[in-house]
Amino acid sequence: MPREKQKRGRRAEDKSKKDAAKRKRDEDPEDLTAKRLKPATEAEVDPNNEITEGADYIPFEENREDGPPSDMPFYGLLDSEEQEYFSRANEVLESNQFQDAEERRIFIDSVYREANGKELKVACSQSCSRLMEKLISLSDMRQIRRLFNKFIGNFLHLVQHRFASHCCETLFMNAAPGVTQKTPKAKEHNMEEGEDDEPEPELSLAEMFMKVVEELEGNWGYLLTERFASHTIRVLLLVLAGEPVDLSSTDSVVASRKKERLGIVTSDAKEEKPVAERQPIPESFEATLKKIMRDMVSGLDNTYLRALATHPVGNPVLQVLVYLELSHFGKSSAKDPNSIIRRLIPDDEFDENSEGATFVRGLLYDPVGSRLLETIIRSMPGKLFKGLYKNVIRDRIGSLARNTTAGYVVLRTLERLGKDDLQNAKESITPEIPGLLERSRLVVPKVLIERCLVRGVDTSSLAQALEAAYDKDPVRRLEQILKLDPVPSEEESEEKQKQSGGNQTAAAEKLHSSLLAQTMLTAPGALSGLVYSSLLAQSSDSLLRIAKDPTASRVIQQALTVSTSTSQFRRQFTTRFTGHLTELALDNSGSHVVDALWPATQDLVFIKERMAQELLQDELTLRDSFVGRAVWRNWSMDLYKRRRGEWKAKAKGIDSNNEGQGERPKSRIDLARAKFAAKAAEESKAPVAAKI
């Protein structure tokens, strides 16, 4: 009888133990209270991640004396009736079927009254903490102050809780715009709202934030690497600095994870609290922020501080600290030998065997540490950046661009280079472009083109490299640039949808391909010519397929409206869509292409009239469609039907704001005449100036 095939050795044994432990975790009920991470023993360390000799990593000691007690206080559980009520309230807020803002405000007040005395229970509840986040995001400053006051005295435990920490985050973000407001008198609110007997808190929001700092004081070193508290600490630091807190932005130093946006979509833009712009702060906040930043790192020596750069939880907090130190307190703070940036990088020259050069080289290829290096490069003083670029990055920028992780550091570097250094970097990266395109690493060429346009660097060598990397046939070239698949048969398309229906990797590659093509169109000369010639070579069916593609259609829109688009190209290209306008206008993506045809034919009025007549023939069909009605409105088709003369004036771009007396845009011959007249006027003045 054949024996079962089994793996032998220490790694197989460790793998079986891990699988058993994983099954046990899946079967056990999840503890609702946040637990402190236990330090991994030597037996539990993954053999693939063993700490080799000389590695720039030192594990943090979890059993620190300054850490808070490990037992989490229990605030109680909601009974079944309370859970049912809050679940229904959550559904009502999700549906957002309120007639007006006043009705929604009354409903939120009723939920707050029901939650009175149970706020901590709701915040720590797995099923109801999301409701608390929604309530906070929809609350006014009076309600936020009251809830903030209920949390005071418990923040040390709440920020470490798996669910309550999110509520603290949302509370800090929404309370930030009110830190400079004065405390309203309690009598005034009692007069306004007779039904509400709850007393107003005596503390202002600024004073409440200071209370939070007092509660957390002495535990900063531990909270720095606490898996739940670290997120809240980052938000708190940015609020104290008055910096924008925008979790949805990819460039935000606080957005290191995917965050659900739990706010309710409203039609009134005034109801949304602005958190994406700098906020005014009290004077006391700045001194408090300096003290917090000093206390956070004072207990760590330089070795541990550098090890924090590769810590998955501590690294984002360190990013915020470095960002605030360099941008908020001025780059002159980098000269202080006790500053964070100086403790990480003690020297300016980055010599071969210096501590700073060794530290930076260790971060270049680290998936976690490279994010800190991006923040440092973006914010560091110019003198320090020049030394870093000259001694660490310049000679190896081509090989760094090939790497998946170090490539992002290269992007931040390109953004800071001057014209001469950018020219040299372009020459080093250009030979790597075929390999980057083959592996779909398209961000580096895209950013390189953008920076060359900003600095005025010649892009002809980039155009040659891109042309050599793609097919010589212009039709095939566009398919390669945009990652367009050949048209499959019906059976093949059904099988492909079943197999790769949600392939996010392919969608991301198509997005970056489209962005690269759009960037190429902004560059005058050969770079944009590669895309323009490929678009003109496409058949009508192929253009329709591209126009209906949500990602690729952006390239057509860009080609029709960008400044490098010539009148000759638009005259040839726009006529390719005649006869298919209604089909495109009824498509979600194609309708945007039809909208782009309006500005593209501003100097081609005869083509625009032909297109308008085609749309008019299918008026009923367009009016029955949501996107069709948008196209009808954007093309001013009602004006075309009733007042054809006014429509023609609008089609030519004549501004008729001043009582119908508009100014016609100057044609090419008018511009040439004006230029010749100005030159003649200068020549006539020249002899007079010489005599004087």
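A Cβ is built for glycine as well, from the same backbone N, Cα and C atoms used for every other residue.
Here the structure is a predicted model, which means the values were calculated and not measured.
These features come from Swiss-Prot:
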REGION    1-69  region 'Disordered'
COMPBIAS  1-10  compositional bias 'Basic residues'
REGION    181-201  region 'Disordered'
REPEAT    391-431  repeat 'Pumilio 3'
REGION    485-508  region 'Disordered'
REPEAT    576-613  repeat 'Pumilio 5'
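Long-range neighbours of the repeat 'Pumilio 5' (576-613) within the same chain, counting only residues 6 or more positions beyond its ends whose Cβ lies under 8 Å from a Cβ of the stretch, are 540, 543-544, 547-550, 553, 556-557, 560-561, 565, 567, 570, 621-622, 625, 627-628, 630-632, 634-635, 637, 640, 647-648, 651-653, 665, 667. DSSP places the residues of the repeat 'Pumilio 5' (576-613) in helix, strand and coil in these numbers: 27 helix, 0 strand, 11 coil. Secondary structure by DSSP for the repeat 'Pumilio 3' (391-431): 34 helix, 0 strand, 7 coil. Computed over the repeat 'Pumilio 5' (576-613), the whole-number mean pLDDT of the model equals 94.
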